[in-house]
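Asker: Provided herewith is a single structure, encoded as structure tokens, for subsequent inquiry.
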Amino acid sequence: MPHVVARSGDVMSSAAPPSCTSLLGLSLSMFVAPCTLTAAPLDTPVVNAPAPTPPTPDQAYPELFQAVQSGELFDDQKHFVDFLPLRDPALINADYLAQHDHPGFDLRKFVDANFEESPPVQTDAIRQDTALREHIDLLWPKLVRSQNHVPPYSSLLSLPHPYVVPGGRFREVYYWDSYFTMLGLVKSGQTTLSRQMLDNFAYLIDTYGHIPNGNRSYYLSRSQPPFFSYMVELQAGVEGQAVYQRYLPQLQKEYAYWMQGSDDVQPGQAARHVVRLADGSVLNRYWDERDTPRPEAWLHDTRTAAEVKDRPAAEVYRDLRAGAESGWDYTSRWLADGQNLRTIRTTAIIPIDLNSLLYHLERTLAQACAQPGAACSRDYAALAQQRKQAIDAHLWNKAGYYADYDWQTRTLSDQITAAALYPLFAGLASDDHAKRTASTVRRTLVRPGGLATTAVKTGQQWDEPNGWAPLQWVAVDGLRRYGEQALARTIGERFLAQVQALFAREHKLVEKYGLETNAAGGGGGEYALQDGFGWTNGVTLMLLNLYPGKGAKAAPAKRVRKTEAAAR
């Protein structure tokens, strides 16, 4: 199939994953074939062929889907796409088309008769007198799901082992969330469950060729920040170095997914997740296979695209989807004017955090090769080194911090964000760059409640004034790696105090936090604040271990205990 230029410098390709591709000056043929080694078997089913991709709700019953979402039948656009059709979706849609014009037709009654509702994850039936650490230990069982078989027509994807969901509206496993959740599981001694989650992600790679955003059909067209190598590293800390070789095949497939399309991309062009800069350097961006509204946010996306007059709607949809893949949905980082979602251009941005994670993946692949010093180990290490050089050349702001790069306008962002600490977390920063980044962060992003996501207020949830548990951990861990103990402690203790304060008032942990003194949970975004909450639980346990005395023994303020009926 010939390449189709979707927009300036953006090449769409249907090519297979790279097998002999020039990446950062090295040929992939030097190490992909030699490194396809026999590894220890996974404790997961052997997958002989890719699983058929199930239709998404907007594909399975398009007219009914649009009627429900555009009619705002439910407050949350994700609610309906998680419903279980009780019979063949094609028949349901046909019945809708035959009946919807009839006098007295009731759309809500039609949906109720043909679908089973998926309730949110309930976490509020725990004793009210528990201390924070005990509360988290009691939360884990409430967040565990086991779905090795799902009913026909469900948007949920089956997984062979139990897994932990975030909580609230998030009834499925999420890729990057899970690393921070797994940190907490290991800290809680639940290493078997942590291993099972890692095996689930290996299964998804083997089954679909990548780890999707989450285990839903409507998430299959994209991934999320690539933390699989960090998960392998975490489990190796539990089981030993053999873990690296066990997951080598899946690490290679993960890398191939993110580098797919690099075979033919020319300087100044992009293909899928890959961008080749004018000097030949190859870095990565976020991207999505589809360029339609997200089913789980259909009305939000169509309204955003309708505000854009100078770009095709398909471009806007892909940028919205790519923003969802980034995990930062949404933020001023992706906005051309820094304020309005209608100016989103995620696919034009080379993010510092994504490329730091891929550096770690390359380093992990080098380590995972069977013999130290083998050709594949040297070649993956060389790729990591060349990515580091490209990051230093293009993503380092001389004002003293790492930033994102716009490959279309060839400009480096002047915005400082929490993502600037990812190079420290990945261990790629020089001592000088780490010191200067820490100094800039100390001046610009430290708040009474921890590390700010950005210094810009837009109303988007990944901007000021919100703080997010995963970014606190990336900061604390990265700063500690480079000897910035005082700043790490300041961020960690302040965020932990914020978590403890809200827990004392409301007896819950939430998805995001406001960072001002005595602030409530964070705001903004496309949905209400969620509690549970997987990654907050994991990071909180890590911080309690690092900085004991900051809420480790404190119990919440006394409250009137809800009855079980009220909790339900």
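Glycine too: its Cβ is placed from the backbone N, Cα and C atoms.
The active site, proton donor/acceptor feature in Swiss-Prot is assigned to Asp329, Glu511. Annotation comment: Swiss-Prot describes Arg169, Trp176, Asp177, Asn213, Arg222, Ser223, Gln224, Arg294, Pro295, Glu296, Gly327, Glu526 as substrate binding site, evidence class sequence analysis. Residues or ranges marked as signal peptide by Swiss-Prot: 1-39.
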Asker: How big is the gap, in Å, between the Cα of Asp177 (substrate binding site) and that of Glu511 (active site, proton donor/acceptor), rounded to a whole number?
Answerer: 10
Asker: Cα-Cα separation of Arg222 (substrate binding site) and Glu511 (active site, proton donor/acceptor), in Å?
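Answerer: Answer for this pair: 22 Å between alpha carbons.
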Asker: Considering only the recorded positions Arg169, Gln224, Pro295, Glu511, which residue has the minimal Cα-Cα separation from Asp329 (active site, proton donor/acceptor)?
Answerer: Gln224
Asker: If you count CB neighbours within 10 Å, which one among the recorded positions Asp177, Asp329, Glu511 has the smallest count?
Answerer: Asp329
Asker: How big is the Cα-to-Cα gap, in Å, between Gly327 (substrate binding site) and Glu511 (active site, proton donor/acceptor)?
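Answerer: Per the Cα atoms, Gly327 (substrate binding site) and Glu511 (active site, proton donor/acceptor) stand 13 Å apart.
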Asker: Return only the integer: C-alpha distance in Å from Gln224 (substrate binding site) to Glu511 (active site, proton donor/acceptor).
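Answerer: Gln224 (substrate binding site) to Glu511 (active site, proton donor/acceptor), Cα-Cα distance: 17 Å.
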Asker: Using a 10 Å radius around its CB, how many other CB atoms surround Gln224 (substrate binding site)?
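Answerer: The answer is 21 other Cβ atoms.
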Asker: Once near-sequence residues are set aside, which residues in the chain of Pro295 (substrate binding site), 6 or more away, have Cβ atoms under 8 Å from its Cβ?
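Answerer: Listed in sequence order, they are Thr56, Pro57, Asp58, Phe65, Gln69, Val81, Tyr218.
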Asker: So for Arg222 (substrate binding site), how many other CB atoms are inside 10 Å of its CB?
Answerer: 24
Asker: Including all protein chains displayed, how many Cβ atoms other than that of Arg169 (substrate binding site) lie within 10 Å of its Cβ?
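Answerer: Taking all protein chains shown, Arg169 (substrate binding site) has 18 Cβ neighbours within 10 Å.
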